[in-house]
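Below is one structure, written out as structure tokens; comments come after it.
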Amino acid sequence: MNIIIADHYDNLCEVSADIVKKCVRTQESAVLGLATGSTPIGLYKKLILDYQSGDVDFSNVTTFNLDEYVGLSRSHPESYNKFMNDHFFQHVNIHPDNIHIPQGDHPKLEAECKQYEDLIRYAGGIDLQILGIGSNGHIGFNEPGSDPEARTRVVRLSESTIEANARFFGDTALVPRLAISMGIKTIMEFSKHIVLLANGEEKADAIQQMAEGPVTPDMPASILQTHHNVTVIVDKKAGQKLKNQSLYRTS
Ligand code: F6R
């Protein structure tokens, strides 16, 4: 696990955008795994600016998002579909046919999950997977206790995730209780390179346990210690509880 402690959030976004751009430029048709949430918004902003200045071209890129709430239509204001359109897709030249987000209001959720998994496999896996991390250590919506062998499936959100995401819905009661999420096995097996981003002190405990604690389903992100190609980029606040600071690169 390669850990980079960025000076501040803007720096984290620049470093991660450089990794995405390198992947897009070097792969003939790059497959990106994408995350929603507050953390990657600055990364998407940076990539949009770079696209607008002609620095990067997404015309041959395919994307797969990590997750989507069950029960929300694509156009629901809080769907991850809408989030991705607003914050990234509508501003760059990724072909709409190449964008994949689980359909949360699909009438046959199990079939949708299986098809999503198959689509990633047919695409040849994911060249670069962007991850955020929950304060409880979740990746995607793989909450503490998730089976490390799990594939894309319907999951139940933990109480802490419902609380954390209530800020987007305005009321805890409005947060969907279920989501479709790539499984831990999906992420671990399909991703050739994983970049996990975290900023802010509310992520500091999770980052320390993820990187330096035991590998355990209680801290789902800790399994990334066993992946062959993981880059963790944190700002100083999210990295403040890491014990082996001298081992990590700063930028
Ligand atoms: C989002 C996702 C989640 C978030 C995590 C952190 O697609 O899969 O795991 O990455 O909840 O969210 P923020 O960035 O809002 O703190």
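From the backbone N, Cα and C atoms, a Cβ is placed for every residue, glycine too.
The model shown is predicted, which means the values in this text are computed figures rather than measured ones.
According to TrEMBL:
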- 10-231: domain 'Glucosamine/galactosamine-6-phosphate isomerase' (DOMAIN)
- D67: active site, proton acceptor (ACT_SITE)
- N136: active site, for ring-opening step (ACT_SITE)
- H138: active site, proton acceptor (ACT_SITE)
- E143: active site, for ring-opening step (ACT_SITE)
Inter-residue Cα distance where the pair is N136 (active site, for ring-opening step) and E143 (active site, for ring-opening step), in Å
8
Are there any residues in the same chain, six or more apart in sequence, whose C-beta is under 8 angstroms from the C-beta of N136 (active site, for ring-opening step), and if so which?
E143, P144, S158, S160, T161, A206
Are there any residues at least 6 positions away along the chain from H138 (active site, proton acceptor) with a Cβ closer than 8 Å to its Cβ? List them or say none.
P144, S146, S158, T161, P220, A221
If I restrict to non-local contacts, at least six residues apart, and a C-beta distance under 8 angstroms, what lies near D67 (active site, proton acceptor) in its own chain?
T36, Y80, P102, G140, F141, A179, I180, S181, M182
Among the active-site residues D67, N136, E143, name every one whose Cβ is found under 6 angstroms from ligand 1, counting any of its atoms.
D67
Neighbouring C-beta atoms (10 Å sphere around the C-beta of E143 (active site, for ring-opening step))
22
